[in-house]
Amino acid sequence: MICCEIQQKSHKKNKPQPDDKSLLARFFHADRSLTAVASELDSFDGRAEPDRCSRLVSRLRQNQDKVLSITNLIMEELLGEDRDPRAFRAKFPEEVLQENLAGQLWFGAECLAAGSSIMNREVESKEMRPLAQAVTKSLGNVRVLLRDQCLRNNVPNSKTLHLDLNDYTTEQLYESLKIFDRLFAEFELSYVSAMVQVKSRHEYEMQQWIGVLFSETLQRALKIGLLDQDMVDAFDPGLMFSIPRLAIVAGLVVYAKGPLDMDMPGDQLSEMFRPFRTILIKIRDLLRNLNNQELYQLEKLLCTNEDINTKVPVGSSSIEAPTPEHSSTPTTSSNNNNNNKSSSSSSGTGSGSGAGTVERLVDQRNNNNNQQNSNESTTLPPRSPSMLSLSASSTPTASPAPSPTPSHSIASTTSSAASSNSTHPPADWSDGDDEDEDEEEDEEEDELEDTEDDTDEEQLLKDIVAADCASGYLIPNTNLGNLLQPQQVPLTDNFVASEDDDEYGTGDQQQEQPQQQGHRKEDEEEPSTSAALQRLRLASSDDSEPHRDQGETIKSTEEQEQQQQQQEQQTLQSSRQRHSHSHSHSHRHHHRHHHHHHHSTHQQQLQHQPHHHQPHPHRLTRSGRKRCSMEAAVEVEQQEQGLASGDTSAASSLSDDVSLAMRNTTARLKFNTENLLHRLFVCIAGVADQLQTNFASDLRQILRSVFLMNMSSVEEEQIEIPEKTKESELFEFRASENDVIQESAGSNQSIYSAEEVNPELDNVFSAGSRHSAGATMQRNNTIDNPSSSNTSSSSATTRNHVTRSRSLGDQETIARSMPAPVHQQEQEMQQQQDHQQQQHQHQVQVQLQRQRNNSVGSNTPSSASSTSSSSEQNSPVSTRSGSSRRRLQSNNETQMPSSTSTATAAATLAPPAWIPDGKAPRCMSCQTPFTAFRRRHHCRNCGGVFCGVCSNATAPLPKYGLTKAVRVCRDCYVREVQVRSSSTTTSVSVNVGVQMQSQAGRVQTATAS
């Protein structure tokens, strides 16, 4: 009992104080605070007072984190290398590794041990519950042992632990810490793995391969000139976007067997690109159709966002037109180039004049729209085929892309692809569905004519449709301007004219222009979606009613299929020569003008009806325009076979149609290429930019490694400052402190660093000699020796001018001109001063004795005049100016200090050498390191660097020409005070002698008067 009381008293005696900074004391107070918060939480019902409970829980977690951090420091010191490894933290995301991670883990362990479960992680919580209970139990044991050590072996304010290694409790603490460290590390891995997604070994390796892909992509871009090495060395932020985009292209095309191999199973693909696997497959299929020039153009666009500038001649593009309506155009043109020389020449002629024709068509289109807007009351204009195709593709279930194919958004001439994309149209789009079915039949007819080419084009079309639809959920980079806004392409006159090039002739158009009256009004109307789109489609179906009134009826689907078969047979058997001109003529009329008020309109429609077997003008327009270029190319071969029976007008119109078809082919290839590159850019940029958001941490690590690997291998040159053999070479200037003070209006504020002292010109330094004064030199040694005064004055001026020089060469001259070092000069000057003082005292005594004799033994005027004459001869004013000798003695007495100030300039020394700031990281007196707030101060007497506390004294330094108080260190201040006191004593004695001399002079003057 007595032993327990003694032990308790000893524990109270060894209780750590609140201001104790040792580890054990800090743990003791943190643990007490945590215990108090936990006890308060247990003292009331948290559901009754939720606000108080939430505040206490927040304090509890803070205290838990504090206790664990101190415990971690104790384990670092006691366990050292015996601690459990935590290499698994490399798998954690960066946002998980926070300072309060330990507190979160402890709080989670207590919750799991109490029976709680992680939301949506019930299975993992059940598995971790035994481990959490073991962690909390082990931590409680460690806390008890550490509190006991705080009372036993705490050393106040000790930086290390002082435990008794022979004590049983110390050994028990050591083993408990090892167990807790192992359990806590295991729980950390389990808990974090359950809360966030931790990379597996395979995923870690895949991300390393992605880093290799990024590095190879960057090296390839540097090699072909897409990027510059300076951008890599400067860590250009633009590369953060360019490298992932280029890596997608390179991984799909250049390094096809790398980490972006789309042929591997989806579960083996990296998690970064796994969500984009479908769109990446479509992008890969489209990239394989690009030639080298177009691939380079796409990569340049991904790097610089410049405009696409592709020059695609006829037959030179490796990308076939992906639209079904032109499936046979590239093949036909190539066949014509190989088998028919006349077609080749026609193609060249047409392509040469294509630009001018497009401009004329745009102007004519604008004129027609302005002239005939008043005719809309006659009949309601139906929507254009391109608008219908856009509407068909913009179903409520489809993506907001303007069209499923690149050509639809720029030069669309049919809605067959749109009908294939819109698999679930609304029920009230009846007329639109009939038109879509008609165009599907036209597409089947084209497949019968050219099966292989059309099959390839349909496959490419599906790829583009998939890529376009997939780009709907991708968020493009909003910083890339209009290039990333393909969802709303305005149907301007340029776009409309480009799609109507194949429906205008060069000669017939001028003749038929006066007859065209029924123009459409809304050629430039924007496409819309959802309910507005349904109303537009319904309005389009209603606009076709006037055409039904002219004797044309819409046939059923079965009748249309029969007519299509009859049309196919008749097309293969009949002669194209007989109706080629009227066919193209009809297309022009039906596309631009759906009906005519002229009296010949009905005759033209009756003339076309036997050839096409299609009474509906809308279907006639789409199907005719769809096969226009193909028919024109076929007509070339048949025209050569029937030239003998053909007339001149038919031959000329056929030539126009051939040139127009070839010119249209060139334009379509160009627009298709640009639009395909544009869509590829949107898809690739969308995938790469989403990596910046969804996988920001992983992408940062990869890009950091890529930059470090590809930086310029320039060896870092270590700049070594050569040793200065001469003290004067350490400084760039020799500014006098007195000059600086005079320039700053006499301010005695301290200058914080040597760099703040501004050197002036040499003439300023030489002019500043008038401010110099020597405190240790006596000022009245020129009373009886004016010649020595002049000599010393000239030498002082010369020395003062030399010491004010700020160039290094002048300093070397000073060093060579001085016969001895500075301290030797000071000793010699001190000896000279002592000698002059003794000589001056002797002269004062002699003169006093002489004055005493004169006042007693001689009162004659001659003696008085001689005395006055002698006094005037000794005056430096009379010596310099050469004025008359009829001056009063008071004038001589007044001008004596001027000679004294000139003589004292000889004692001015060179200012001390300042130690550079970079050479003094600590105060030279108290050794306190300098910081951003503890600034450096130079002593003006010794040149050392001190802190503000050690250099808070001020004193004048006349020996350096500093007559006003400047900053000095404490040691120099003590020395200067001693020197000043000694010099003051000497000057007092000299002043007494001067006063006695002046009194004697006044007595002599009075006697003479």
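Note: Cβ is positioned from N, Cα and C throughout, glycine not excepted.
Taken straight from Swiss-Prot:
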- Cys923, Cys926, Cys947, Cys950: Zn(2+) 1 binding site (BINDING)
- Cys939, Cys942, Cys969, Cys972: Zn(2+) 2 binding site (BINDING)
- 430-458: compositional bias 'Acidic residues' (COMPBIAS)
- 576-601: compositional bias 'Basic residues' (COMPBIAS)
- 609-627: compositional bias 'Basic residues' (COMPBIAS)
- Ser541: phosphoserine (MOD_RES)
- Ser807: phosphoserine (MOD_RES)
- 313-460: region 'Disordered' (REGION)
- 497-629: region 'Disordered' (REGION)
- 777-905: region 'Disordered' (REGION)
- 917-977: zinc finger (ZN_FING)
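Annotated features taken from Swiss-Prot, shown on the structure.
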residue	record	DSSP class
Cys923	Zn(2+) 1 binding site	coil
Cys939	Zn(2+) 2 binding site	coil
Cys947	Zn(2+) 1 binding site	coil
Cys969	Zn(2+) 2 binding site	coil
(request) State the count of C-beta atoms found within 10 angstroms of the C-beta of Cys923 (Zn(2+) 1 binding site), not counting that atom itself. (result) 22
(message) Measuring Cα to Cα, how far is Cys950 (Zn(2+) 1 binding site) from Cys969 (Zn(2+) 2 binding site) in Å?
(response) 6
(message) Around the C-beta of Cys972 (Zn(2+) 2 binding site), how many further C-beta atoms are within 10 angstroms, looking at every protein chain?
(response) 22
(request) For the recorded Zn(2+) 2 site formed by Cys939, Cys942, Cys969, Cys972, name the remaining residues of the chain with Cβ within 8 Å of the site's Cβ center, in chain order. (result) Arg940, Asn941, Gly943, Gly944, Phe946, Ser951, Val968, Arg970, Asp971, Tyr973
(request) Based on Cβ atoms within 10 Å, give me the single least packed residue among the binding-site residues Cys926, Cys939, Cys942, Cys947, Cys969. (result) Cys926
(request) Note the Cβ centroid of Cys923, Cys926, Cys947, Cys950, the recorded Zn(2+) 1 site, then list each other residue of that chain whose Cβ lies within 8 Å of it, in sequence. (result) Arg922, Met924, Ser925, Gln927, Thr928, Phe946, Gly948, Val949, Ser951
(request) To the nearest whole angstrom, state the Cα distance for the pair Cys939 (Zn(2+) 2 binding site) and Cys923 (Zn(2+) 1 binding site). (result) 11
(request) Fill in the CA-CA distance, Cys947 (Zn(2+) 1 binding site) to Cys969 (Zn(2+) 2 binding site), as an integer in Å. (result) 9
(request) Measure the Cβ-based neighbour count of Cys950 (Zn(2+) 1 binding site), defined as the other Cβ atoms within 10 Å of its Cβ. (result) 20
(message) Within the zinc finger (917-977), what mean pLDDT does the predicted structure show?
(response) 86
(request) Could you state the whole-number distance in Å separating the C-alpha atoms of Cys972 (Zn(2+) 2 binding site) and Cys923 (Zn(2+) 1 binding site)? (result) 15
